[in-house]
Amino acid sequence: SCDASHLCNCSSMGLEFIPPGLTAKITVLNLAHNRIKHIQSQDLQQAVNLKTLLLQSNEISSIDEDSFQSLEKLELLDLSNNSLAHLSPVWFGHLFSLQHLHLQGNSYRDLGQSSPFSRLRNLSSLHLGNPQFSVIRQGNFEGIEFLHKLWIDGSNLSQYEQGSLKSIKEINHMIINLRNSNIFSEIIRDLVHSVTWLEVAEIKLPVEKKSLVQNSTRPFRIQKLTFKEALFTDQSISQTIVSLKEVTSLKELQAINCALEGKGIWNTKEIARSRQSFVETITIIKAVIQNFHLFFDLEGMESQINKLKRLTIASSNVFMVPCNLARNFSSLLYLDFHDNLLANNRLNETICERSWPSLQTLNLSQNSLKSLELTAEYILRLPKLNNLDISQNNFVEIPDECKWPKHLKYLNLSSTQIPKVTACIPESLEVLDVSGNNLKEFGRRLPSLKELYLTRNQLKTLPGAAPFPNLVSLSVRRNKLNSFSKEEFESFRRMELLDASDNNFICSCEFLSFVHHEARLAQVLVGWPDKYVCDSPLAVRGAQVGAVHLSLMECHRSLVVSLICVLVFLVILLLVAVGYKYHVVWYLRMTWAWLQAKRKPKRAPPKDVCYDAFVSYSENDSEWVENTMVQELEQACPPFRLCLHKRDFVPGKWIVDNIIDSIEKSRKTLFVLSEHFVQSEWCKYELDFSHFRLFDENNDAAILILLEPIQSKAIPKRFCKLRKIMNTKTYLEWPLEEEQQQVFWFNLKIALRS
């Protein structure tokens with residue numbers, strides 16, 4: 001149950017005793033919410049470095065006297081909500097470092113005859129008491145000189161010996177539940193010199209003529225007095241006001257969840273005759289007044305309020321302040337009437353001419369105001385007003401123009417249902433809150449504005465920076481913002497805080513590029529990076545904007561498509577160029593011609609044979625063919641009919657068709673082979689178009705004439721059939737000697753006639 005920091009959490013494990021084997025390494029031991037009944041001497045003996053021991057909510061009823069003897073470094077001990085029937089000073093005798101001790105919620109009725117805490121010189125906070133706790137005796141707090149916080153559950157405290165708390169010289173904050181009003185005054189008298197802030201809960205204030213500070217000498221320390229869930233009557237509140245005036249150090253009064261049985265019929269004459277009050281701040285929250293609408297106007301209290309500086313009356317059904325009373329709050333700087341029943345028809349009385357003359361801050365939020373125009377008209381009567389909160393009123397409409405106090409710097413119009421922003425918003429503002437109004441745009445020029453809050457609206461883009469040249473803080477949280485650009489961000493030159501969290505961001509490449517490369521963004525964005533999440537594209541929905549990286553294709557789709565199109569075009573262009581250079585079109589047409597030729601019979605009918613031989617030769621060998629071979633063969637007896645492409649091809653007909661037709665109409669095909677022949681593309685075509693028939697190994701239709709010596713290895717690979725035939729069949733070789741030429745012609749003629 002222990003982690004690396006030596007914190008051992010054994011809470012809620014059903015333990016009935018402290019587990020054995022605790023060592024000096026443990027610094028925090030949590031044994032809360034178990035069923036431990038008894039703490040023995042040896043249980044904690046080895047845990048000498050323990051600083052926090054949590055034993056609350058067990059069933060502890062007994063502790064051996066030396067159980068905590070080894071815990072000299074212990075700083076927090078919580079024994080609350082157990083079954084301890086008494087407290088022994090011996091338990092705490094060696095806890096020299098103890099700062100926080102919680103003993104509330106046990107069953108002891110008192111603290112004993114002496115002080116259980118006399119050795120706890122470093123104690124800072126002490127929690128005591130329970131529903132059975134009934135007696136506080138003198139000497140119970142001996143040894144304690146200073147406490148930051150003292151909490152006593154004395155809801156059933158019935159006996160308090162005067163001076164019991166006086167031994168504590170200084171208490172910053174004391175909380176006491178006290179139902180017995182008879183001992184309230186005695187406790188106050190003991191505490192006015194030591195406590196700074198006193199909270200009293202559940203008290204029903206007594207009607208007591210006796211002075212609260214009787215026989216007490218100044219100076220007093222108490223500055224703040226809070227009543228929680230207390231019950232006042234008209235008589236007790238009047239006497240309390242008079243009594244508290246004697247506590248000259250008292251500056252602040254609070255009443256929270258208190259009830260008043262009465263109608264405000266206070267003894268104003270006696271209050272007025274008493275000394276001047278030194279209280280500067282009064283806070284009343286959730287005051288319950290039966291028949292509050294019958295409450296009197298507190299006439300006669302005017303002289304008692306002229307020194308008051310801060311007044312809060314919230315959630316208390318206030319619907320009006322009489323004009324005469326309002327005019328006497330001459331020193332009031334801060335007024336908070338939030339969550340009440342103030343309406344426009346009563347606001348005219350509450351803020352009448354010359355009322356609240358020094359007021360600087362006014363909170364009228366969560367009331368029943370309906371007209372912003374009338375509200376502004378009444379508030380104009382407060383010449384020194386700087387800060388105004390009229391949020392959560394149902395204004396619905398906003399006029400085109402309004403007049404406000406000329407020094408107004410802060411205005412809160414959030415959740416007021418205004419549909420737009422007009423010139424009704426004063427140009428003097430430094431802080432404006434129009435959150436929660438479903439605004440779709442914001443264009444009001446506010447040259448002095450430093451903070452703008454536009455949370456929970458319908459904005460799709462950041463507002464322009466030009467109307468707010470001095471803007472330092474902007475909140476557009478929970479709008480319909482999809483993104484914002486570098487230009488928009490940098491246009492706010494003085495921006496220090498931008499809260500654009502909880503929007504549905506479209507994580508486009510432009511937006512992500514800006515986010516990843518803008519170093520200042522992390523310093524300015526509030527909630528970055530946790531609260532900035534992508535809504536689209538779907539693949540990254542729910543991911544943090546700062547962690548998303550899109551691919552090149554996703555980021556530059558149009559560019560990639562354009563590049564692909566250009567690349568395809570270039571490839572096509574290249575293929576066309578290559579095809580043009582290497583006659584690919586001819587090859588394609590040749591292939592088509594092959595397919596057609598293969599469907600034809602291998603030999604043309606005898607009636608269609610027109611030539612004895614089709615002559616395939618290179619143009620470079622034309623002189624020999626035309627002047628030598630043609631004359632020799634066509635002038636022979638009988639003459640041979642030869643087909644020459646120059647002479648016999650049909651004009652206008654596709655050359656491939658001419659070649660195929662000529663080969664088919666000739667009994668033989670003469671190939672005049674030379675170096676020029678194997679380099680000629682046309683000869684290659686003629687050879688290719690005829691090889692499937694002429695170069696069949698069992699076919700003798702081809703006659704090869706070797707015009708000049710060439711090696712078969714020197715023949716290009718594209719003439720694969722020619723190379724094969726030359727290696728397997730006999731060919732005629734043109735001799736250079738004249739005497740052998742006659743033999744050549746003789747053999748050629750025999751081959752043509754065969």
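In case you wondered, yes, glycine gets a Cβ from its N, Cα and C as well.
According to TrEMBL, the disulfide bond annotation covers Cys2-Cys8, Cys323-Cys352, Cys402-Cys424. Annotation source TrEMBL lists transmembrane segment at 559-580. The annotation domain 'TIR' is assigned in TrEMBL to 609-752.
Shown here: features listed in TrEMBL, placed on the structure.
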residue	record	Cβ contacts under 8 Å, 6 or more apart
Cys2	disulfide bond	Cys8, Asn9, Ile26
Cys323	disulfide bond	Glu349, Thr350, Cys352, Ser355
Cys402	disulfide bond	Leu372, Glu373, Ala376, Ala423, Cys424, Ile425, Pro426
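For the domain 'TIR' (609-752), the mean pLDDT of the prediction comes to 78. When the disulfide-bonded residues Cys8, Cys352, Cys424 are compared by the number of other C-beta atoms lying within 10 angstroms of their own C-beta, Cys352 comes out lowest.
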